[in-house]
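For B:31-50, B:95-116, B:128-147, B:153-176, B:197-224, B:244-268, the entry in TrEMBL reads transmembrane segment. Feature annotation from TrEMBL assigns domain 'ABC transmembrane type-1' to B:87-267.
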Amino acid sequence: MSAGIEFRGVSKVFPVRGGDELTAVDGIDLEIAAGEFAVLVGPSGCGKSTLLDLVGGLTVPSAGEILLDGRPVRGPGPDRSTVFQQYALLPWRTAQGNVEFGLEAIGVPRRLRRARAREYLELVGLAGFEERHPHELSGGMRQRVAIARSLAYDPEVLLMDEPFAALDAQTRESLQEELLRIWRRTGKTVLFITHGIEEAVYLGQRVAVMTSRPGRVKAVVPIELPDRAADRDLRSSPEFARYRHEIWSLLHDEVSRAQQWEREVGRV
Amino acid sequence: MSTELGVRSAVVVAPPVVDRKVRQRRSWLPALLRTVVGRSAAIVVLLAVWEAAPRLGLVDRTFLPPLSEVLRAWWGLLDGGRLGENARASLVRSFSGFGLAVGIGVPLGLLIGWYRPLAELLSPLLELFRNTAALALLPVFVLVLGIGETSKIAIVLYACLWPILLNTISAVRTVDPTLLRLARSLDLSPLRLFQKVILPASVPVVFTGIRLAGAVSILVLVAAEMVGAKAGLGYLINASQYNFAIPQMYAGILTISVIGVAFNQLLLAIERRLTAWRPGPPTS
Ligand SMILES: Nc1ncnc2c1ncn2[C@@H]1O[C@H](COP(=O)(O)OP(=O)(O)OP(=O)(O)O)[C@@H](O)[C@H]1O
Ligand SMILES: [Mg+2]
């Protein structure tokens with residue numbers, strides 16, 4: 001199952017010290033279809049994580065609303081699941097136990113939990129690692145456990161906040177490939193945040209580029225590439241390069257604007 | 001060919017864990033022997049010096065009798081029942097005070113750590129109490145509770161409470177925030193959050209406090225028993241010194257050291273069991 005996400009004029013304002021206010025995101029209008037793989041890129045601090053928190057129901061918008069399958073979001077729930085950049089694994093639980101954690105939260109009976117956790121660990125290529133604790137796993141494996149945990153309780157929407165940022169290039173590429181495979185198989189709606197332009201082009205069906213703070217949607221670029229599974233070296237194809245350049249140009253102005261702003265703030 | 005084997009496959013094969021275990025077993029005995037020898041070498045040297053120095057006249061044997069004499073005195077005390085009686089008195093007080101401190105300090109610490117405003121309100125007070133030496137309060141305890149068991153147990157309880165309480169509070173407050181976010185995104189109820197995240201995450205730091213308290217419980221008690229007590233190891237040591245039964249005095253001191261070490265080892269073993277998931281051994 002999957003659900004579409006709709007942002008309708010979403011803004012988020014944070015109170016900051018000294019009674020001031022900080023507009024993190026401003027007037028976001030964006031529609032993500034059910035089953036779509038959407039990627040969000042933008043300069044640091046433009047409010048990407050803020051948007052994800054809003055979809056996750058961890059915070060509420062200051063204005064506008066977010067619809068999930070047509071219904072407004074009213075708090076966290078098991079129909080959405082987040083994969084955090086820092087893995088967020090419980091260090092005292094094994095890989096198996098960590099996947100089961102999500103299942104416990106939604107009240108899956110014990111016997112079903114075991115089987116389901118194993119199944120999803122296998123799906124992310126971790127069969128044989130069930131009894132390992134997080135500190136006995138590599139960074140890439142930990143993130144796989146986190147992905148397995150997110151998938152196991154069958155959410156409709158997968159929210160991923162720079163999940164591969166801390167990994168080395170090769171592990172990242174193999175996990176990207178795997179994520180696409182899983183996405184194709186499960187048909188979930190994915191909202192994926194990244195700093196990496198290549199990652200965005202490689203993964204996304206559409207890439208939304210955000211402006212520097214306050215974050216707005218600057219452009220949405222549909223990516224039409226031949227089937228990724230068939231073409232191994234997609235990344236060096238001319239189409240890929242064209243998309244990469246397009247997004248790079250869109251981002252470039254925003255990044256320099258954000259940096260200039262930071263420098264000014266630093267001087268004051 | 002080698003490139004094909006390299007990066008492509010995303011599925012990783014688990015390295016055989018069994019292999020490691022077998023290797024461990026094979027080298028288990030010599031390794032254990034080495035640690036035992038290594039660990040006890042310093043103690044053996046100390047005991048040898050203790051035996052030799054008085055005999056060689058390096059120190060006055062009236063003030064420091066050789067170890068063998070102390071051990072003989074220890075055996076005499078044990079045989080006569082005095083050692084057992086006094087040790088029992090001390091252990092009952094120590095464990096009562098320590099046990100009460102754990103029973104009060106851990107739940108209270110969890111509560112205070114959980115309610116942030118409460119922690120902020122109480123922290124100056126806690127800081128003040130922690131820095132008030134328990135023994136300085138001994139006269140107060142005696143004044144209020146008399147010189148009986150109650151005041152002895154109370155002083156141990158008091159001294160043990162602070163390390164446990166403060167460590168428990170900080171354990172709860174330093175739980176990895178991403179785990180809290182995870183719990184929130186899963187919409188866990190506060191009770192589940194506490195039971196499944198906060199509590200297990202706090203165990204290592206709580207235990208550091210418990211181990212600290214374990215050492216304190218014996219330390220404080222012995223000192224308390226030296227002032228106005230009719231039984232206990234502290235009393236035994238003090239009385240022996242008073243009667244100039246120096247070997248007996250050292251026998252009492254030795255007993256306390258051994259009890260202290262044994263208690264710490266016991267707590268360490270429990271801690272290891274509870275935190276087996278941690279990468280390193282517990283820090284002391
Ligand atoms: N709870 C908060 N209180 C105050 N300000 C906040 C809060 N959360 C985020 N902000 C601010 O909102 C802005 C957007 O933050 P956010 O974390 O969403 O950015 P981001 O796009 O995810 O950045 P990055 O790419 O570096 O992760 C930042 O300027 C940040 O300082
Ligand atoms: Mg972010």
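Including glycine, each Cβ sits where the backbone N, Cα and C put it.
Heads up, TrEMBL stuff is auto-annotated, nobody curated it.
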Check: Counting Cβ pairs under 8 Å to the transmembrane segment (B:197-224), which of B:95-116, B:153-176, B:244-268 comes out on top?
Finding: B:153-176
Notebook entry, point to check: Ranking B:31-50, B:128-147, B:153-176 by Cβ pairs under 8 Å to the transmembrane segment (B:95-116), which is first?
Noted result: B:153-176
Checklist line | Chain residues outside the transmembrane segment (B:31-50) and at least six past its termini with a C-beta under 8 angstroms from it | finding: 64, 66-67
Notebook entry, point to check: Near the transmembrane segment (B:128-147), which same-chain residues lie under 8 Å Cβ to Cβ, leaving out any that are not at least 6 residues past its ends?
Noted result: 154-155, 158-159, 162, 166, 216, 220, 223-224, 227-229
